[in-house]
Amino acid sequence: MAELFYDDDADLSVIQRKKVAVIGYGSQGHAHALNLRDSGVDVRVGLREGSASRAKAENEGLKVLTVPEAVKEADVVVILAPDQHQRGLYTADIEPNLNPGTTLVFGHGFNIRYGYIKPSADLDVVMVAPKGPGHLVRREYVDGRGVPVIVAVEQDATGGAWELALSYAKAIGGLRAAGIKTTFTEETETDLFGEQAVLCGGVSQLVQYGFETLTEAGYQPEVAYFEVLHELKLIVDLMYEGGIAKQRWSVSDTAEYGDYVSGPRVIDPRVKENMQAVLADVQNGAFAARFIADQDAGAPEFAELRAKGEAHPIEGVGRELRKLFAWVKPSDSDYTEGSAAR
């Protein structure tokens, strides 16, 4: 069983005695910074020169500095920049400006697990990773609740890394729900596998193949869209609420019976073997090496794959159908319809 921690297991004053620099102000960065501030922590945000997020952070009343300036002021540096940017950011702006005995806090273990960032042995290195998007982390905190977090320690140079990690987790509201003890390796490998085999890669491919199967058989694309993509939210919401059993309880007997007899025909043992191969690439570093090499080259493979996905017929059909959905309101003002680019 996993080891769990709650508010009573952490001393908030530990992080309140520190000066914290949150590097990055995206989905997680803004939630961490605001929750820390509202928990009485001395926090500043480190952003690159010209960052579009500067005004947003300043409008929230946060102190905003360049990354080197923020790091120089801090006892705790929270690295929440995208995985592919962390290595360069750490080498150029963070590492040269670290104070002795600084604690590094990560929201994901990628760069530590695969060795792209190698902190010196005198630093504490911890991870506090909420299991939800930043807007939910912030909203739950404001409402007096919290999103569960996973907590790990990679280096404990001072002997106080766990105490600080739990204090930090409490400050962002995570221990109101629960903190789950893990390792950088476990978090990274399970997170990447889940994204690739199920949550992103697996589901996206399954939906596209379902759409292609129906339209190639002569069914209307609009009807196919409803059956394989639109209604997916209804099923996922039921799973989210009560697991697979709750989903099966909620659907018709016809749908439940079809689940049992046809699901294994589509997702057969070969799929599990393919999943095991994906996991192996995550474990041995092959995926990480491929991703970082492509990013270092300007991301040509990434751009090609993204463009291919955007050009799939289901995207055009969906754009037109969603115009009919008065109940669906765009939640991201900076999103361009039909594009995965950020």
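From the backbone N, Cα and C atoms, a Cβ is placed for every residue, glycine too.
In sequence order, Asp83, Met127, Ala129, Glu187, Thr188, Asp191 are the residues near His108 (active site), counting only same-chain partners six or more apart with C-beta under 8 A. Under the heading active site, Swiss-Prot lists His108, citing sequence analysis as support.
Around the Cβ of Ser53 (NADP(+) binding site), a 10 Å sphere holds 16 further Cβ atoms from the protein chains shown. DSSP classifies Ser53 (NADP(+) binding site) as coil under the three-state reduction. Residues or ranges marked as NADP(+) binding site in Swiss-Prot (evidence: sequence analysis): Tyr25, Gly26, Ser27, Gln28, Arg48, Ser51, Ser53, Asp83, Gln84, His85, Gln86, Gly134.
The Mg(2+) 1 binding site annotation in Swiss-Prot covers Asp191, Glu195 and rests on sequence analysis. Non-local neighbourhood of Glu195 (Mg(2+) 1 binding site): Gly201, each in the same chain, at least six residues away, with C-beta under 8 Å from its C-beta.
Here the Cβ of Asp191 (Mg(2+) 1 binding site) has 19 other Cβ atoms within 10 Å, regardless of which shown protein chain they belong to. Positions annotated as Mg(2+) 2 binding site by Swiss-Prot, on the basis of sequence analysis: Asp191, Glu227, Glu231.
Just so you know, the Cβ of Ser252 (substrate binding site) picks up 8 other Cβ atoms within 10 Å once every protein chain is counted. According to Swiss-Prot, the substrate binding site annotation covers Ser252, on the basis of sequence analysis.
Positions annotated as domain 'KARI N-terminal Rossmann' by Swiss-Prot, on the basis of sequence analysis: 2-182.
Each residue of the domain 'KARI C-terminal knotted' (183-328) gets a DSSP state, and the totals for helix, strand and coil are 122 helix, 0 strand, 24 coil. For 183-328, the entry in Swiss-Prot reads domain 'KARI C-terminal knotted'.
Take the binding-site residues Glu227, Glu231: by the count of other Cβ atoms within 10 Å of each Cβ, the lowest one is Glu231. Non-local neighbourhood of Ser27 (NADP(+) binding site): Pro133, Gly134, His135, each in the same chain, at least six residues away, with C-beta under 8 Å from its C-beta. One residue stands out among the binding-site residues Gln84, Gln86 for having the most other Cβ atoms within 10 Å of its Cβ: Gln86.
Here Gln84 (NADP(+) binding site) is positioned 36 angstrom away from Glu227 (Mg(2+) 2 binding site), judged by their C-alpha atoms.
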